[in-house]
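Listed in Swiss-Prot for this protein:
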type	residues	note
DOMAIN	7-129	domain 'MsrB'
BINDING	Cys46, Cys49, Cys95, Cys98	Zn(2+) binding site
ACT_SITE	Cys118	active site, nucleophile
Amino acid sequence: MANKPSAEELKKNLSDMQFYVTQNHGTEPPFTGRLLHNKRDGVYHCLICDAPLFHSQTKYDSGCGWPSFYEPVSEESIRYIKDLSHGVQRIEIRCGNCDAHLGHVFPDGPQPTGERYCVNSASLRFTDGENGEEING
């Protein structure tokens, strides 16, 4: 795991929602994330450590209210944790580099993987592939 900033530093540099999601395994309200409807070509990075997580070509509209992807950029980019909270068994996904909470993965996505990586916008930074503009979720 990469060295990540201290909690004090993160609180100073992140919005309350970004801190809640990435550091406290929180979930932003559905259909509120800044990157939900982003359709530009580029790469989605971890907001905390800037590690690449998802290519825009793997993003799709699942209708669930959060950005959804069917495949990460690499196996190492995502860490998978069994999540038994809320009386349901799910698989939590975290950044493979800094361990920031991203969301969950479900086995109901499209082909070719059949997986839906349901990710909080607040855990992501998008970099536009054409002009390099960065947008924090």
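Every residue gets a Cβ built from N, Cα and C, even glycine.
Just so you know, the Cβ of Cys49 (Zn(2+) binding site) picks up 18 other Cβ atoms within 10 Å once every protein chain is counted. Residue with the densest Cβ environment among the binding-site residues Cys95, Cys98: Cys95, by other Cβ atoms within 10 Å.
Summarised by DSSP class, the composition of the domain 'MsrB' (7-129) is 28 helix, 40 strand, 55 coil.
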